[in-house]
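**Q** I have a structure I would like to understand better, so I am pasting it below and will then ask my questions one at a time.
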Amino acid sequence: MPMSSSPAVVVASAAVVALAVANRVLYKLALVPLKSYPFFLAQLTTFGYVGVYFSILYVRYRAGVVTRDMLALPKIRFAVIGLLEALGVAAGMSAGAMLPGPAIPILSQSFLVWQLIFSVLLLGKTYSLRQIIGCLLVTSGVILAVASGANDGHLLSGVKLIWPLLMVISSAFQAGASILKGKRPDIFVVNSFGSGFQALFVFLLLPLLSNLRGIKLAELSGHLNGGAECFLNVGESPIDCGGAPFLPLLFIFINMAFNISLLNLVKMSSAVVASLTATSAVPISIYILSLPLPYIPQGAELSASFILGGMVLLTGLILYNLPQSSKESKTD
């Protein structure tokens, strides 16, 4: 394995940070024109992943990296992974459309907390005291950030509590999916079949998820047509769809590039290096999303409690992801 200080790893790490920031910023920008149609964007994104991942899987199969035995693995685990990821992306995009931009990177870090809880309950995994303290700091940071909306004039004031809670719940679904992936024969086997089932479940769950947003079954077809028209920026939609289809397509492209670059960094270095690298993008993303941006000209004012929550959360993330000492490794 190459040393983490090698030039190639430095370049790969810089690419991950840049793509992670762009991914978080474009996540919010893509939801500006499609604010009323988050499920359309969720479906479009998952179908994009199906095409990309299965194309890569085919190339790896032809190269002999993926075997027939890998492809013949029981699909029930992939189906459960796909269901959880479908619920995660649908809930996340519904919440993201209603939340201020800087709140999204903060709330999505609850993924770590859920991942620790599920790995203890489902896998019986143990963690060091340092990791537990780091996780508690992440939880405290999220709570401080959400509490910043309790007073008028703060970032989340005027935002219904359901939306930050839904973003946290979406992280729980995604964390559950990551735990179920477990030891995998090949990451692209898991991601390909997982994305296939994810696209299927997003489609099947549309009536239920839409009903939660007040869209009746009889209106679903018209709603999807409206989403397509808004995405293509055609027709006479009563909603301002400025920025479409460029912003949603750019988000999908950057999102895929980020995930693939992160996998590449894990292979070149380690999961710890990849986690710390992705973590460094959180404060940068929060800062950029607080600025006036195209289609979000008003920006967002960060309250003192929100900034404090972000600092506590970032400290927890770094503490959790620090390399383990030999003593800690023996206790895990």
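The backbone N, Cα and C atoms fix where each Cβ goes, and this holds for glycine too.
Per TrEMBL, the features are:
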- 40-59: transmembrane segment (TRANSMEM)
- 80-100: transmembrane segment (TRANSMEM)
- 106-124: transmembrane segment (TRANSMEM)
- 131-149: transmembrane segment (TRANSMEM)
- 161-180: transmembrane segment (TRANSMEM)
- 187-209: transmembrane segment (TRANSMEM)
- 246-266: transmembrane segment (TRANSMEM)
- 273-296: transmembrane segment (TRANSMEM)
- 302-322: transmembrane segment (TRANSMEM)
**Q** If you count every Cβ pair below 8 Å, which range out of 80-100, 131-149, 161-180, 273-296 shares the most with the transmembrane segment (106-124)?
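**A** Looking at each of 80-100, 131-149, 161-180, 273-296 in turn, the most contacts to the transmembrane segment (106-124) are made by 161-180.
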**Q** Return the stretch with the most CB pairs under 8 A relative to the transmembrane segment (80-100), choosing among 40-59, 161-180, 273-296, 302-322.
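**A** Stretch with the highest Cβ contact count: 161-180.
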**Q** Take the transmembrane segment (40-59) and find every residue of the same chain, 6 or more past its ends, with a Cβ under 8 Å from one of its Cβ atoms.
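**A** Distant Cβ neighbours of the transmembrane segment (40-59) are 30-31, 34, 66, 86, 89-90, 93, 188-189, 191-192, 195-196, 198-199, 202-203, 206, 224, 227-228, 230-231, 248, 251-252, 255-256.
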**Q** Please report, as numbers and ranges, the same-chain residues at least 6 past the borders of the transmembrane segment (246-266) whose CB is under 8 Å from any CB of it.
**A** 9, 12-13, 15-16, 19-20, 22-23, 26-27, 29-30, 32-34, 41, 44-45, 48-49, 52, 187, 231, 273-274, 277-278, 295
**Q** Within the same chain, where does the transmembrane segment (131-149) have neighbours whose Cβ lies under 8 angstroms from its own Cβ atoms, ignoring anything closer than 6 residues to its ends? I mean 6 or more beyond.
**A** 103, 106-107, 109-110, 112-113, 116, 155-159, 164, 168, 303, 305-306, 308-321
**Q** Below 8 angstroms Cβ to Cβ, which residues of this chain, lying six or more residues outside the transmembrane segment (187-209), approach it?
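**A** Long-range Cβ neighbours of the transmembrane segment (187-209): 39, 42-43, 46-47, 49-50, 53-54, 56-57, 60, 66, 70-71, 73, 75, 78-79, 81-83, 85-87, 89-90, 94, 177, 181, 217, 220, 224, 263.
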